[in-house]
Amino acid sequence: MPDVTGDLAPLTPGARVLVTGAGITGRAVLGALAPLEVAATLCDDNADALAALAAKGVAVIAPGDAIASIGDYALVVTSPGFAPSAPVLAAAAAAGVPIWGDVELAWRLDAAGRYGPPRRWLVVTGTNGKTTTTSMLHDMLVAGGRRSVLCGNIGDPVLAVLDQPAELLAVELSSFQLHWAPSLRPEAGVVLNVAEDHLDWHGSMAAYARDKARVLDGRVAVVGLDDPVAAGLLPTAAATVRVGFRLGDPAAGELGVRDGKLIDRAFDDGVELADCADIGVAGPIGVLDALGAAALARAVGVAPGAIGAALASFQVGRHRAEVVGTVDGVVFIDDSKATNPHAAQASITAYDRVVWVAGGLLKGASVDELVRQVANRLAGAVLIGRDRQMVADALSRHAPDVPVVELVAGEDSGVLGTNESIESVGDHVTRVIEVGGRPVSDAVMSAVVSAARDLASPGDTVLLAPAGASFDQFSGYGQRGDAFAAAVRAAVG
């Protein structure tokens with residue numbers, strides 16, 4: 001595609017711009033557009049949100065009216081949650097109206113010098129590990145004395161931080177954001193891994209991988225070589241420098257692990273960066289996240305000592321393999337952010353013997369391969385949420401000896417207290433506990449912790465790594481994790 005870096009052609013004074021989405025991103029877009037003297041109008045299907053913004057003087061329009069007048073707009077700037085199939089975006093595409101995401105707008109404004117000298121963008125994406133890796137990267141940059149701002153899918157939108165003094169942006173981007181950012185050319189970008197996720201949004205695994213690969217079109221492209229899909233993106237990357245990382249001994253042009261140390265053979269000839277034992281995220285996934293972050297930091301010249309110091313002091317974020325308590329010799333860990341099978345598998349493999357708390361909304365993903373890979377680590381499973389039966393079926397097929405407790409709650413349960421029954425499929429026996437009472441989230445997690453304690457022995461780990469989204473029973477993965485932690489605290493007394 002032609003180089004459109006810094007091209008703001010549709011944003012001439014007086015041009016009509018439609019902004020879709022009334023949330024944090026949409027408001028950030030309006031703020032960025034205001035100095036450009038364009039006529040911005042906000043569209044959302046949430047009538048209450050539109051009314052609240054209209055009361056503050058924001059020009060708003062209902063989706064139906066926006067579709068009817070779509071040809072009057074010079075540009076649509078969309079929030080990343082809107083899929084290409086969304087009616088207003090489909091209408092814009094059919095009418096030939098350009099569609100940018102908020103990241104595309106931020107990239108072009110920054111490249112055009114609207115906020116001073118353009119920053120160098122270091123972009124992290126992947127199905128799993130994005131937030132931890134981006135946080136590690138930011139800490140490495142700061143430890144190296146660089147002015148860095150953490151932004152994107154973590155914290156503030158990129159548009160909201162461009163007025164801050166910074167040399168570098170540590171940016172976490174989702175596949176949704178990347179889909180709508182075709183001109184992005186970061187200083188360095190990493191694809192950590194690519195597994196089935198959001199296929200309902202992207203339409204296919206190939207389309208999902210293509211959107212992830214957009215971070216590889218800048219100067220330095222980095223991929224996780226232990227992930228076959230991510231590794232397959234490197235040969236076709238447009239970047240002038242291509243780097244891989246792996247858990248094993250690195251070849252030339254790679255980062256990896258040798259004798260328990262992180263080793264850089266891409267930007268140096270075998271220099272040690274850190275001791276794996278100092279990484280504050282358990283298991284191989286923590287090492288992989290550290291390698292991905294280190295590759296981007298090394299791409300902009302951060303010294304090995306700064307990388308080691310940052311990793312030694314790094315603390316994992318909330319709901320990401322977070323230890324929330326110990327009861328009778330059993331450690332309880334909140335990894336509620338493990339919202340797909342790939343993330344759950346990585347989480348479980350960090351521990352020897354696990355009582356697995358799983359379920360929620362699987363979004364069409366299969367858990368069969370996950371269960372096959374971790375069956376020998378499972379001491380038991382406690383299943384929650386709308387798609388719990390899919391997990392139960394996979395356990396019956398691939399881990400028939402693992403005891404299972406299935407919790408039925410919310411709309412699926414008509415009881416006010418707690419009922420219990422036994423179900424069997426062949427030789428596989430499942431305890432079914434019906435949980436009543438309100439709020440549902442508290443009742444569910446209280447029952448989860450009680451059931452998990454029955455299944456666990458001293459030395460085991462009770463791991464909330466659901467492999468599914470949370471919105472069937474919780475407001476988000478954060479509330480799910482908070483409810484789990486509160487139930488553990490109550491059990492401790």
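Backbone N, Cα and C atoms are what each Cβ position is placed from, and that goes for glycine too.
Annotated in Swiss-Prot:
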type	residues	note
BINDING	G126, T127, N128, G129, K130, T131, T132	ATP binding site
Chain-mates of G126, T127, N128, G129, K130, T131, T132 with C-beta within 8 Å of site centroid, ATP: V124, T133, L192, N193, D289, A343
Cβ neighbour count within 10 Å of G129 (ATP binding site): 27
N128 (ATP binding site), number of other Cβ atoms within 10 Å: 27
Same chain, 6+ residues apart, C-beta under 8 Å of the C-beta of T132 (ATP binding site), given in sequence order: V281, G286, D289, V316, G317, R320
Among T127, T131, the most crowded of the binding-site residues [Cβ within 10 Å]: T127
Same chain, 6+ residues apart, C-beta under 8 Å of the C-beta of G126 (ATP binding site), given in sequence order: T133, V190, V191, L192, N193, V194, K212, G224, A230, G292
In three-state DSSP terms, the structure that T131 (ATP binding site) belongs to: helix
Sequence-distant neighbours of K130 (ATP binding site) in its chain (C-beta under 8 A, six or more apart): V124, N153, I154, E172, L173, S174, L192
